[in-house]
């Protein structure tokens with residue numbers, strides 16, 4: 001019965017109340033009263049809808065609402081149990097992730113590798129530890145992430161040692177952590193990206209927060225310096241330098257900023273911001289759900305092949321559905337032709353048969 005306008009939008013509540021503990025008693029009372037009034041207004045509108053129905057129909061709808069309430073209770077229990085199950089298995093994954101970290105970064109050696117390496121590695125070649133460029137190649141093999149990684153980013157991402165994620169509760173959401181070895185690009189050893197969700201069970205993003213990267217002088221990958229020669233005859237003979245923002249994977253740590261509630265933005269700007277936030281969330285959730293749990297499969301390219309195969313199968317299913325639709329249309333056309341013959345003869349040959357229905361078939 002709802003057209004979507006009756007839903008309670010609390011997306012601005014986090015921005016409006018950054019820290020509820022700092023609110024005075026009066027402010028808290030006003031906030032509670034405001035929410036209560038909003039809910040009462042929604043309830044009144046729903047009551048109006050019910051009262052506009054015929055008594056018998058209204059009774060049926062009331063029973064449907066009771067059924068929906070039972071469903072919502074079960075759904076809440078499902079979300080609760082699912083969260084507990086995810087937390088349980090997340091702890092079971094941790095030892096496996098730790099072993100992966102140690103192998104990738106050369107902390108431990110795999111049985112049998114030492115002797116094989118001594119036999120196969122040329123004496124003049126330096127033996128590499130672990131799996132070089134593991135995370136860089138794992139991410140590059142994913143279609144979404146490969147579009148974000150620029151060629152100039154790759155040297156810095158070779159220092160990426162590990163990626164972890166954690167679920168957070170206050171506020172709800174999740175946090176990504178990128179661990180880097182000492183490198184010539186930035187000072188940070190860990191870069192983080194935190195997603196605050198309005199509802200953890202629904203992917204409704206409130207805002208995202210990234211680490212401020214401490215770039216070393218002249219090493220910032222999110223900006224480029226343009227040098228322009230001065231005009232002829234100019235007294236200033238030095239090149240003119242201009243700094244511009246540029247595409248980089250590391251822009252991921254400077255997410256789109258959601259404006260304050262009292263800041264007005266036009267429709268086009270709002271749509272652009274929404275698209276940017278959706279894209280940003282896609283990148284974060286891809287790293288969380290695909291790259292971290294299946295990193296070696298993305299490193300080898302197996303996971304990418306699996307996704308390509310699934311995409312082909314989906315396309316074939318769509319083609320089959322289209323073929324079925326075409327066959328149904330052909331059958332309908334044949335039936336119409338048969339009906340026309342019964343009424344007064346065959347459809348005239350010529351223009352009417354080239355994918356078009358004849359204008360009219362009159363009886364003689």
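In case you wondered, yes, glycine gets a Cβ from its N, Cα and C as well.
What Swiss-Prot annotates here:
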{"type": "COILED", "residues": "32-86", "note": "coiled coil"}
{"type": "COMPBIAS", "residues": "259-269", "note": "compositional bias 'Acidic residues'"}
{"type": "COMPBIAS", "residues": "304-340", "note": "compositional bias 'Acidic residues'"}
{"type": "MOTIF", "residues": "53-68", "note": "motif 'Nuclear export signal'"}
{"type": "MOTIF", "residues": "227-232", "note": "motif 'Nuclear localization signal'"}
Secondary structure content of the motif 'Nuclear export signal' (53-68), with strand meaning DSSP E or B | 14 helix, 0 strand, 2 coil
For the motif 'Nuclear localization signal' (227-232), mean pLDDT (0 to 100) | 76
